[in-house]
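Record features, source TrEMBL:
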BINDING   Cys54, Cys59, Cys95, Cys99  [2Fe-2S] cluster binding site
REGION    128-168  region 'Disordered'
Amino acid sequence: MLDLAQRQHGWLPISAMHEVARILGIARMRVYEVATFYSMFNRKPMGKNFVQVCGTTPCMLRGAESIIETITKKLGIKVGETTKDGLFSLAEVECLGACVNAPMAQINDDYYEDLTPKDISDILDEFKAGKRPKPGPRSGRTAAEPINGPTTLTTPPKPPGFGFQSGI
C-alpha cells in the first residue's frame with residue numbers, strides 16, 4: 001500500500017501514511033517505522049527520475065565512486081539533491097541486490113548494471129531526451145553470470161591471479 005501511495009503522489013506524504021494505517025487498522029507509528037526504514041520510500045518530493053546508486057562494498061570495489069562523481073558533475077547536484085528542473089534526484093543507497101553485476105544503479109524501477117562512467121552518462125542523456133534506456137547489464141552479460149561468461153563444473157578452472165587488477 002505504501003508503494004501505491006508513493007506512485008500516486010510521487011513521494012510518500014505523512015497524510016498517505018496515516019491513511020494506510022487507517023485502512024490496515026494499525027498504529028500510525030507502525031507505518032511510519034516501515035516508511036523510514038526502507039530506502040525505497042521517499043518522504044520528500046523527488047525528481048521525475050530517481051537515481052539510486054549502490055554504495056556498498058561490492059559496488060564500491062567495482063567503481064561506484066566514479067559513477068556517483070560522474071552523475072554529480074553531469075547533473076550539477078550532490079547526493080540527496082534534486083536538479084532545478086525537477087528531472088533528477090540522486091541518492092546513494094545500501095545494497096540493491098545485484099552485487100554480481102556491480103557497480104549498479106536503480107533509476108525509477110529499473111536496474112542498470114556493470115556501469116562505467118560513460119555508461120551512466122549515456123543513460124542520463126537518454127532520460128534527459130525523454131527516452132527510457134534499456135535496463136540491465138551494460139557489459140553484454142544477459143544475467144547474473146560471471147563477467148567472462150558462464151562456467152560449469154566441467155570447465156577447467158582459470159589460472160591463479162586470473163581477473164585481478166595488475167596493481168594487486
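The backbone N, Cα and C atoms fix where each Cβ goes, and this holds for glycine too.
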Study note, to complete from the structure: Long-range Cβ list for Cys54 ([2Fe-2S] cluster binding site), cut-off under 8 Å, min separation 6+ in sequence, same chain only, gives Ala64, Glu92, Val93, Glu94, Cys95, Leu96, Ala98, Ala102, Pro103, Met104, Ala105, Gln106
Check your understanding: What number of additional C-beta atoms lies within 10 angstroms of the C-beta atom of Cys99 ([2Fe-2S] cluster binding site)?
Key -> 18
Check your understanding: Other than Cys54, Cys59, Cys95, Cys99, which residues of the chain come within 8 Å of the [2Fe-2S] cluster site, judged by Cβ distance to the Cβ centroid of those residues?
Key -> Gly55, Thr56, Thr57, Pro58, Ala64, Glu94, Leu96, Gly97, Ala98, Ala102, Pro103, Met104
Practice item. Sort the residues of the region 'Disordered' (128-168) into helix, strand and coil with DSSP and give the three counts. Key: 1 helix, 2 strand, 38 coil
Review point. So of Cys59, Cys95, which of the binding-site residues has the fewest other Cβ atoms within 10 Å around its own Cβ?
Key: Cys95
Exercise for review: Please report the DSSP secondary structure of Cys95 ([2Fe-2S] cluster binding site), reduced to three states.
Suggested key: coil
